[in-house]
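Undergrad: Below: one structure in structure tokens.
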Amino acid sequence: MSQARIAGTGSYLPRRVMTNAELECLVDTSDEWILERTGIAQRHIAADGETCADLAEQAARAAMAAAGPDNGSIDLVIVATSTPEHVFPSTACRLVERLGLPGGVIAFDVAAACSGFVYALDIANRFIRTGGAHRALVIGAEVFSRILDWSDRSTCVLFGDGSGAVVLEASDQAGILSTHLHADGRQTSLLNVPWGVGQGYEALEAERGTVSMRGNEVFRVAVRTLGGLVDETLKANGLERGDVDWLVPHQANIRIMDATARKLGLPAERMVSTVARHGNTSAASIPLALDEAVRDGRIQRGELLLLEAFGAGFTWGSALIRY
Ligand code: COA
């Protein structure tokens, strides 16, 4: 059985930046409140007509360029998203065409909300380890700006648009050391977009679906759940607090991220944090942060990374990676 390692990373952010000051003009909020409660100062917003597939394609191209010349051999494409361009075909299938990949590749989307990238990485790792694929594109891409109620101050200040990608390839060296995925559907009422084809035509035409969240309750579940996930991941790998080189967390709220870093015994500078500039980009946030820290030289080959996420469902998951 072969192992899977990250061969290259890439990311993309829409050009338009929306600051907290702009949000002050839309809803009853303040830069100070948003910064203090979330750590977010700005977010990127997709242009009119810019879709999930557009964002995913840019990140994929960057990751493929970073991974090197063997891109013709990509045989698996997984896109994690909750904001696909269409009900179908999947965003992954759109990319097969846009990237000029040969017919015969495997391509599908994964919906696990903010945990989607970790879910997709786990699936790609299993394909590679069992010989079902050799070189996979794993992408997280979101246009959450399209599913926000811009008059709801409790949600519209939190999210942003973006995409991130990795090329995962078969290798003799262990790259993905372990993955841990979970879901619990009993608290769907705390965080959801209660809209979709199940609503029937009239409801679909009457309103657009938007994020609904009981933020402080989600916050408490997230901190507790991620603490347990850290314990589970360290234990499965025989590691102690402080053994990990980098925490690359889902970027929902700096207070949740800091709590996880403390649980891991890591100083703040060992956590990759993009939440101030990107906001919560859901399934895109981890690969966006990973790509940034790889490109600016913070994350070096051979270092030990812990990726973790928590999202609607609830879903949660982690990946321990020797980069
Ligand atoms: N600006 C100003 N005030 C706001 C506000 C905003 N944008 N949003 C909410 N408030 C108000 C509330 O109305 C409330 O007012 P009240 O006390 O008069 O009722 C007050 O601020 C406190 O609200 P609360 O929801 O308790 O704040 P909080 O400290 O829990 O912070 C979140 C809110 C959403 C930032 C925080 O709960 C959070 O990040 N939750 C997790 C979100 C998350 O991770 N979601 C995705 C999972 S992937």
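Placed from the backbone N, Cα and C atoms, the Cβ positions cover glycine too.
So TrEMBL lists the following for this protein:
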type	residues	note
DOMAIN	108-185	domain 'Beta-ketoacyl-[acyl-carrier-protein] synthase III N-terminal'
ACT_SITE	CYS114	active site
DOMAIN	234-323	domain 'Beta-ketoacyl-[acyl-carrier-protein] synthase III C-terminal'
ACT_SITE	HIS250	active site
REGION	251-255	region 'ACP-binding'
ACT_SITE	ASN280	active site
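Map these features onto the structure and tell me what's around them.
TA: All protein chains shown were included, and the count of other CB atoms within 10 Å of the CB of CYS114 (active site) stands at 32.
When the domain 'Beta-ketoacyl-[acyl-carrier-protein] synthase III C-terminal' (234-323) is classified with DSSP, helix, strand and coil residues number 35 helix, 22 strand, 33 coil.
Among residues of the same chain six or more beyond the region 'ACP-binding' (251-255), those with a C-beta under 8 A of the stretch's C-beta atoms are 37-40, 114, 158, 219, 222, 273-276, 278-281, 285-286, 288-289, 310.
Of all the Cβ atoms in the protein chains shown, 23 others lie within 10 Å of the Cβ of ASN280 (active site).
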Undergrad: How big is the Cα-to-Cα gap, in Å, between HIS250 (active site) and CYS114 (active site)?
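TA: One finds 7 Å between the Cα atoms of these residues.
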Undergrad: Taking only the Cα atoms, work out how far ASN280 (active site) lies from CYS114 (active site), in Å, as a whole number.
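TA: CYS114 (active site) has its Cα 9 Å from the Cα of ASN280 (active site).
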Undergrad: Counting across all protein chains shown, how many other Cβ atoms sit within 10 Å of the Cβ of HIS250 (active site)?
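TA: Counting Cβ neighbours of HIS250 (active site) within 10 Å gives 33.
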